[in-house]
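S.K.: Pasting the feature list from Swiss-Prot:
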{"type": "REGION", "residues": "1-268", "note": "region 'Amidoligase domain'"}
{"type": "BINDING", "residues": "Ser14, Asp149, Ile150, Glu151, Lys189, Thr190, Lys191, Pro192, Leu193, Gln194, Lys225", "note": "CTP binding site"}
{"type": "BINDING", "residues": "Ser14, Lys189, Thr190, Lys191, Pro192, Leu193, Gln194, Lys225", "note": "UTP binding site"}
{"type": "BINDING", "residues": "Ser15, Leu16, Gly17, Lys18, Gly19, Ile20, Asp72", "note": "ATP binding site"}
{"type": "BINDING", "residues": "Tyr55, Gly396, Leu424, Gly425, Met426, Gln427, Glu447, Arg503", "note": "L-glutamine binding site"}
{"type": "BINDING", "residues": "Asp72, Glu142", "note": "Mg(2+) binding site"}
{"type": "DOMAIN", "residues": "333-575", "note": "domain 'Glutamine amidotransferase type-1'"}
{"type": "ACT_SITE", "residues": "Cys423", "note": "active site, nucleophile"}
{"type": "ACT_SITE", "residues": "His548", "note": "active site"}
{"type": "ACT_SITE", "residues": "Glu550", "note": "active site"}
Amino acid sequence: MDPAFIFITGGVVSSLGKGIAAGAIGLLLKSRGISVVNQKFDPYLNGDPGTMNPYQHGEVFVTQDGGETDLDLGHYERFTDVPSSRFNSTTAGSVYRAILDRERAGGYGGATVQVIPHVTDEIQARIRAAAATTGARVVITEIGGTVGDIESLPFIEAIRQIRRVLGKERCLFIHLGLVPYLPSCGEMKTKPLQHSVKELLGLGVQPDVILCRSERHITDAVREKLSLFCNVERRAIVENVTARSIYEVPLLLEAEGLGALLCERLRLFDTCCGGQVARNLGAGGAQSAVLGAGGTVRTDGGLHPAAGQGAEPDLTAWRAMVRALYYPRRELTVALVGKYVSLADAYLSVSEALTAAGICHRARVDMRWIDAEEICSVQDAGHALADADALVIPGGFGVRGIEGMICAVSHARVQNLPYLGICLGMQIAVIEFARNVLLLASAHSREFAVDTPHPVVDLLPGCVDTPTGGSLRLGQYRCLLAEGSRARALYGRGEVWERHRHRYGLNAAYRARFEASALRPVGVDSDCGAVEVVEHGEHPWFFGVQFHPEFCSRPNRAHPLFRALVAAGLERKDSRS
């Protein structure tokens, strides 16, 4: 069966949550038995996000095949549980590079290379490739940036051409825009969104669905006005109100009738739930559609029973997960000591993995972000971590804040504070233990001190220390866990696959010293033998992992390491109360 394509654009302002909406739509379709794949097209000229400043771009999400991609791919995976690849994240820079390389190789036969058709053709080819390589029934493509930005024009033109070829039954446009509320007049204003749609219409793209991003529920008058002036059917004016959690968004959109509407417009009924077609939720069903009894969503007309018919989605487990998130029975505080803590998106997958672990234990995780540069001694660390029930040090690069992290780990080790070190966090644990337990006072990493006499952390074989992209150990690798280790027990198996993004690791020359100590290597790469897991045998819960477990965590399937960390934190809290 020929694939269908959904394109999501954004208007008025950036950072409205197109990626969350795209992931939520993927979940709504997948819950109806429809195979989906999400992808992101960014208009910036960087080759990929790998070398971009975390303060500007947020985290780099690593795919199974080693792609350094936009953080929205993390949203896609957490919502749909469909693994992404490097090809699901495309930048304008990678598009232009491919075209210029092809031109230099004579691929265009001497023709004049232009934005149209060459750039737009390359974009279209990459959009279609997602369907060809995955076999997905629906390809959901998010176009980054904001409509009206000059750099987005080739992408908008490319999707216009795709619609011209495929028609409305195989191609659907969703435009997400802000509908602000002005307290001064007590009204929601539609004019910014109207002008955004006008800009899109000027580029030849007529939205089929408008997602109204708002802080308040939109009124019927707002729906009517947008329907009239944006030339969009009233039932396709969909509220996208701010939720307590991003994981409620799919349920809110389903209550608005969006899932059934998409199935109807793209004629997906025959592929839904084995061909069983059921009527969409009727009037008054919005509350149960979202959370069931005790839910938070209004039932006074926010649902549109005229949205047509579509297969009933199976969102039972998702609703249960959101209920567990909203109604915790316990709480704990997890401290995160890092380099980029002023921007939460820099550690987005870590925070979402902790949230998922909290859901698993019906516990609310209060995340306390601590700037590593503000810790100058072990005493400082003690004050900063006094109320923490667990500590996480996530990944990072560069020397800034390293000594503060070492002090934090020293406090955690001595005070029996549950600790999880991720990537750089494992290296910090190794350095701290070498200095204070193995008595190698000048121990360090060659990344931060090239001339250290005790480089307990060093470059891995085959890696090159360069700031340029493509020089890291990237992607999914197999790790073998030692018999009798705690790591093996909490995973429940001896072989695990985890994603990596690093070039440094435990120096093999010092491995024997650690094996004879309390901080033992218990997980190694199955091919090269590099140490990937260390655990402290004399500590209640102390692990360092060279990989990034946060990338494999899901809101309804917490990663074993985070799940066990939260359990240890809760146990510590109980013991102190």
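Using N, Cα and C of the backbone, Cβ positions are placed for all residues, glycine too.
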S.K.: Return the single residue from the binding-site residues list (Asp72, Glu447) that has the minimum number of other CB atoms within 10 Å.
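M.R.: Sparsest of the binding-site residues Asp72, Glu447 by Cβ contacts within 10 Å: Glu447.
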S.K.: Given the binding-site residues Lys18, Ile150, Gln427, Glu447, find the one whose Cα is closest in space to the Cα of Thr190 (UTP binding site).
M.R.: Lys18
S.K.: What same-chain residues, at least 6 away in sequence, bring their CB to under 8 Å of the CB of Leu424 (L-glutamine binding site)?
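M.R.: Leu424 (L-glutamine binding site) has long-range Cβ partners Ile393, Pro394, Gly395, Gly396, Phe397, Met405, His502.
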S.K.: Which one is it, among the binding-site residues Tyr55, Asp72, Gln427, Glu447, that lies nearest to Lys189 (CTP binding site) by Cα separation?
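M.R.: When the Cα distances are compared, Asp72 comes out closest.
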S.K.: Can you check what DSSP calls Met426 (L-glutamine binding site), collapsed to helix, strand or coil?
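M.R.: Met426 (L-glutamine binding site) sits in a helix per DSSP.
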S.K.: If you take the centroid of the Cβ atoms of Ser15, Leu16, Gly17, Lys18, Gly19, Ile20, Asp72, the listed ATP site, which other residues of that chain have their Cβ within 8 Å of it?
M.R.: Gly10, Ala21, Ala22, His75, Glu142, Leu176
S.K.: Going by C-alpha distance, which of the recorded positions Ile150, Leu193, Gln427, His548 is nearest to Leu16 (ATP binding site)?
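M.R.: So, of the listed recorded positions, the one sitting closest to Leu16 (ATP binding site) is Leu193.
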S.K.: If you count Cβ atoms within 10 Å of the Cβ of Gly396 (L-glutamine binding site), leaving out that atom itself, what do you get?
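M.R.: That number is 22.
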S.K.: Would you find the one among the binding-site residues Lys18, Lys191, Arg503 whose Cβ has the most company, meaning other Cβ atoms within 10 Å?
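M.R.: Result for the most crowded candidate: Lys18.
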S.K.: From the Cα of Gln427 (L-glutamine binding site) across to the Cα of Gly17 (ATP binding site), what is the distance in angstrom?
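M.R.: Counting only the Cα atoms, the answer is 34 Å.
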S.K.: Would you identify the secondary structure of Ile20 (ATP binding site) according to DSSP, in three states?
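M.R.: Its secondary structure by DSSP: helix.
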S.K.: Which one is it: of the recorded positions Pro192, Gln194, Cys423, His548, whose Cα lies the shortest distance from the Cα of Arg503 (L-glutamine binding site)?
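M.R.: Nearest listed residue in space: Cys423.
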S.K.: Does DSSP put Glu142 (Mg(2+) binding site) in a helix, in a strand, or in coil?
M.R.: strand
S.K.: In sequence order, which same-chain residues at least six apart have a C-beta under 8 angstroms from Ser14 (CTP binding site)?
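M.R.: Sequence-distant Cβ neighbours: Gly145, Thr146.
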